[in-house]
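A quick write-up on the structure given underneath.
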Amino acid sequence: MLKFQTVRGGLRLLGVRRSSSAPVASPNVRRLEYKPIKKVMVANRGEIAIRVFRACTELGIRTVAVYSEQDTGQMHRQKADEAYLIGRGLAPVQAYLHIPDIIKVAKENGVDAVHPGYGFLSERADFAQACQDAGVRFIGPSPEVVRKMGDKVEARAIAIAAGVPVVPGTDSPISSLHEAHEFSNTFGFPIIFKAAYGGGGRGMRVVHSYEELEENYTRAYSEALAAFGNGALFVEKFIEKPRHIEVQILGDQYGNILHLYERDCSIQRRHQKVVEIAPATHLDPQLRSRLTSDSVKLAKQVGYENAGTVEFLVDKHGKHYFIEVNSRLQVEHTVTEEITDVDLVHAQIHVSEGRSLPDLGLRQENIRINGCAIQCRVTTEDPARSFQPDTGRIEVFRSGEGMGIRLDNASAFQGAVISPHYDSLLVKVIAHGKDHPTAATKMSRALAEFRVRGVKTNIPFLQNVLNNQQFLAGTVDTQFIDENPELFQLRPAQNRAQKLLHYLGHVMVNGPTTPIPVNVSPSPVDPAVPVVPIGPPPAGFRDILLREGPEGFARAVRNHQGLLLMDTTFRDAHQSLLATRVRTHDLKKIAPYVAHNFNKLFSMENWGGATFDVAMRFLYECPWRRLQELRELIPNIPFQMLLRGANAVGYTNYPDNVVFKFCEVAKENGMDVFRVFDSLNYLPNMLLGMEAAGSAGGVVEAAISYTGDVADPSRTKYSLEYYMGLAEELVRAGTHILCIKDMAGLLKPAACTMLVSSLRDRFPDLPLHIHTHDTSGAGVAAMLACAQAGADVVDVAVDSMSGMTSQPSMGALVACTKGTPLDTEVPLERVFDYSEYWEGARGLYAAFDCTATMKSGNSDVYENEIPGGQYTNLHFQAHSMGLGSKFKEVKKAYVEANQMLGDLIKVTPSSKIVGDLAQFMVQNGLSRAEAEAQAEELSFPRSVVEFLQGYIGIPHGGFPEPFRSKVLKDLPRIEGRPGASLPPLNLKELEKDLIDRHGEEVTPEDVLSAAMYPDVFAQFKDFTATFGPLDSLNTRLFLQGPKIAEEFEVELERGKTLHIKALAVSDLNRAGQRQVFFELNGQLRSILVKDTQAMKEMHFHPKALKDVKGQIGAPMPGKVIDIKVAAGDKVAKGQPLCVLSAMKMETVVTSPMEGTIRKVHVTKDMTLEGDDLILEIE
């Protein structure tokens, strides 16, 4: 039954939750005077202070908190009835170790008793004595017992006297490294240093060899001094792979001692407990009996009173060794409370008031184990970085609760600031179940419910522990973490909502993250998506491809009656008109409509070329994800990509195995037709790309890049014979489809008729595909001429995305062929709806639209031969530099540069080379004659020099001489195919490097992105790791962020939608930040955003750049307590550079490389943030 006592302020529940026995005093024991406690002060902070306050409130006792200057915002001071500052002007830890201030607060405010909590002064006999001397009760053992038990060496002697087995070790604290040497000589390695006046893993260091002895002794001494105010150490033999079992004891002032069974604390890291379990699983009953009886025997030996813990190591043979007594409440007391139903803090207070254990209904025979309890300490430590403490502001805190879950929390709330000064504990989560697996399941569920944003936590690591089969079987020892490296295969939290808020806030404060060429806002009107029928889309040419393979697909195309169209709207059209900036978000919205209404298309060009790197570089999207998502939405129409031969989708040469692997993975992700070309029509490069695409199982479409005019007999370099000869080689190489790729739109109707009819006559069974641009305005006429001459497929873009430097109009071709033998079978009214969508979508990209400076196409393209996309770019660049009126000169220079380089075929990257040389000539006021005459002295653009060296292949007709020799002088020249001499890239090694850098699962697609664009990919991964899945934002939000008071939805995935409202942006704070407020799913959220413009005018410590080898950054926030090197010193890999201290833990920063110290950026006692630059090595 429950026993109550009337006290001031109400009823008091005695120190047991449930008891079947009435309170009876022990017989023949002198009764002490009962002195009720009316006011308790907790000389501690964080969750243990809150735990004691709650117990006091339940007992009707008034509570008093103390706090340091650094803890003014901490929750424990708010949970108490009164709170007082201590340690003014002292270091953070020293404030809670300042006995005079604590005693002064107690005496001045009528405190009856002081509860020490754990850590800090809890095991300091001088503190217990100071309380006693001041007439204030110390809720704990007597000062003498605290002294004996707190001095681990004396406690060891007492254990020996009581007949309790101990680990071989020193009899008293050691005071020199020499004594440590002597002990290791006697007992051998491994040995362990332990702080003589405290626990919790502080001051503990294991040493395995003489070489490690000095460094570990120094660190252990320093840690013990910082944590407990005394650096004394003792040393003992280290028992390998033991279980760490501790027994909870409770004594009163009448000599009654009982135990509350044991806890298993074997899951540790650096002797710091991580997960605690009660009772210990699979513990032999006889061993349990020996452990508990030895614990009671030891407590009686010293006349122990109040709560305490006796700790043991149990070796693999079941032999136990006494370690120490913690004469205080333990962090993990909670699990004992859960399985015994005894409130230990209540009991502590009652014992201090003079109550006996029998009075409280606490008899050994009544203490029973009920089920199993597990405690996890949720901390702001990053398991991926060796559990380094993280600091910062908690942006979101949502805990896991429910049946069987208890939370003992500290300052875990939204807006709380986690400092580097104290322990990193956020909350203790305790799960109680009928057995170990049940408790583990409840704990796992609760941790999965947690949402902590703004600081890193150890929750992913704890979840791995809870799911580990060895843990679930209950057979763990202290090496569990070290022997299970898979525990560190952490599944990163998605944290998508908070990351997106950070992005939106960043844009609201700093403007767009992608360069905006024209200051024009996106259209405020969202494009209307036409109605899409329910059900699967109708069959299309891809169904034929999947059924009959590439050869059968090619036959079907050739046998088709009527003209087939390829739609370039999803790639080349927006590359030409909108600087390749169209986002997956807008492509996905219209994709289902295309699938249902345009199944008669030959294919859709939607991938490859410039879209690949631009997606990562400027849109912060994964190009592979775009392909995957579009494939899912359009399963019936073949996809086509642009493959730059041996350059794949890059601008340089790659090892052959990279090109082959790229095509293989592209095919696996849904790519069908590979349009393979080379910017110089260099056959070896094209053949490699064709082989790679073919071996992947794709449709090979060899594309001959077109320039000149085959209908003009004066243009002899690129004659009909040239194209026919090249076509022969490509057909012989096994192409499934032959393409003429007219990048500048130079094909005139007469040339179309001549070239296509010749190809049709020569290759009657081969599908012919023609690509052009409409810069001149003659694109529709040219494509009709091609169709009439025998072409099977021509390229078009939907009307609102056609014309100018894009492809000819889809609607125009459909209308012109309707009712003729060339009928496309594409419904014209569906083209209108499709076009209307893109007209609206185009308005979202107004800042990138070529019409900002270009109002029409121009027939002068027949003279300058500038490809469509490049024509747009050059036109815009000229206007943005104030040279719009001189664009004519740029085009003239382009013609001259082309002739200087030997009259090239111009398509990326050769077109860029010509463009670079043209701009170089304009900027330097050079004519062709002047540039050629001064070729030996001029510093030409790098792209020009590398072209002349042979880096992109050999142009038709060879390199221009003597210009080439003048420019190159003695630079090396490449003979043959540029990539042929490159060794294979180790893709497995690259994957490992990516995992090491980005710390998450890396896909084959990621590996290939990194192989193609290593720097761009790294920046993309870093950006999205910070800002989340940006492709889920609509384009207006992506470019300019929301307006204040704007409400909107963001769909993360099917069935998961965020409701967001932008509320306000604050003024600038002293750290150069602005606070941005949102409402997310009805709850207030705020984030801090650095104002990049304002920070340029403020001084901050530099950050270490991840990509700069030799820049060493702080691995965690903390204080510099030792610098071991100076500028000019030579260092070896692994050599200590400096020592940081944070949260009472020290970390040695070591050199990752051999070199010389160039500069040291820190001084002793400097406080650093994470990644602050410490020093530079060269």
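Each Cβ is built from the backbone N, Cα and C atoms, and glycine gets one as well.
Lifted from Swiss-Prot, the feature list:
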TRANSIT   1-20  transit peptide
MOD_RES   Lys35  N6-acetyllysine
DOMAIN    36-486  domain 'Biotin carboxylation'
MOD_RES   Lys79  N6-acetyllysine
MOD_RES   Lys79  N6-succinyllysine
MOD_RES   Lys148  N6-acetyllysine
BINDING   Lys152, Glu236, His271  ATP binding site
DOMAIN    156-353  domain 'ATP-grasp'
MOD_RES   Lys434  N6-acetyllysine
DOMAIN    563-832  domain 'Pyruvate carboxyltransferase'
BINDING   Arg571, Asp572, Ala573, His574, Gln575, Arg644, Thr908  substrate binding site
MOD_RES   Lys717  N6-acetyllysine
MOD_RES   Lys741  N6-carboxylysine
MOD_RES   Lys892  N6-acetyllysine
MOD_RES   Lys969  N6-acetyllysine
MOD_RES   Lys988  N6-succinyllysine
MOD_RES   Lys992  N6-acetyllysine
MOD_RES   Thr1003  phosphothreonine
Inset, instruction - Measuring CB to CB from Lys152 (ATP binding site), give everything in the same chain under 8 Å that is also at least six residues away in sequence. - result: Lys194, Ala196, Phe234, Glu324
Inset, instruction - Take the C-alpha atoms of His271 (ATP binding site) and His574 (substrate binding site) and report the distance between them in angstrom, rounded. - result: 60
Inset, instruction - Find the shortest Cα-Cα separation between Thr908 (substrate binding site) and the recorded positions Glu236, Lys434, Lys741, Lys892, Lys969, and name the residue that gives it. - result: Lys741
Inset, instruction - Please work out which residue of Lys35, His271, Arg571, Lys741, Lys992 has the most C-beta neighbours within 10 angstroms of its C-beta, and give that one of the recorded positions. - result: Arg571
Inset, instruction - By CA-CA distance, flag whichever of Lys79, Glu236, Lys992 among the recorded positions is nearest to Gln575 (substrate binding site). - result: Lys992
Inset, instruction - Please name which of the modified residues listed here, Lys79, Lys434, Lys717, Lys969, is nearest in space to His574 (substrate binding site), Cα against Cα. - result: Lys717
Legend entry - Cβ-centroid neighbourhood (8 Å) of the ATP site, Lys152, Glu236, His271 excluded: Gly169, Ile192, Phe193, Lys194, Ala195, Met204, Phe234, Ile323, Glu324
Inset, instruction - Measuring Cα to Cα, tell me the gap between Lys969 (N6-acetyllysine) and Arg644 (substrate binding site) in whole angstrom. - result: 30
Legend entry - Between Arg644 (substrate binding site) and Lys741 (N6-carboxylysine), the C-alpha gap once rounded to whole angstrom: 12
Inset, instruction - Under 8 Å Cβ to Cβ from Asp572 (substrate binding site), same chain, six or more residues apart: give me those in sequence order, or none if nothing qualifies. - result: Glu605, Gly609, Leu642, Asp795, Ala797, Ser806, Gln807, Gly868, Gly869
Inset, instruction - Measure from the CA atom of Ala573 (substrate binding site) to the CA atom of the residue listed as 'N6-carboxylysine' and give the result in Å, rounded to a whole number. - result: 14
Legend entry - Spatial neighbour of Lys148 (N6-acetyllysine) that is closest, considering only the binding-site residues Glu236, Arg571, Ala573 and their CA atoms: Glu236
Legend entry - Residue among the recorded positions Lys79, Lys434, His574, Arg644, Lys717 whose Cβ has the most other Cβ atoms within 10 Å: His574
Inset, instruction - Please name which of the binding-site residues listed here, Glu236, Arg571, Ala573, is nearest in space to Lys992 (N6-acetyllysine), Cα against Cα. - result: Arg571
Legend entry - Distance [Cα-Cα, Å, rounded] between Arg571 (substrate binding site) and Glu236 (ATP binding site): 70
Legend entry - Spatial separation of Lys717 (N6-acetyllysine) from Lys892 (N6-acetyllysine) - C-alpha basis, Å: 21
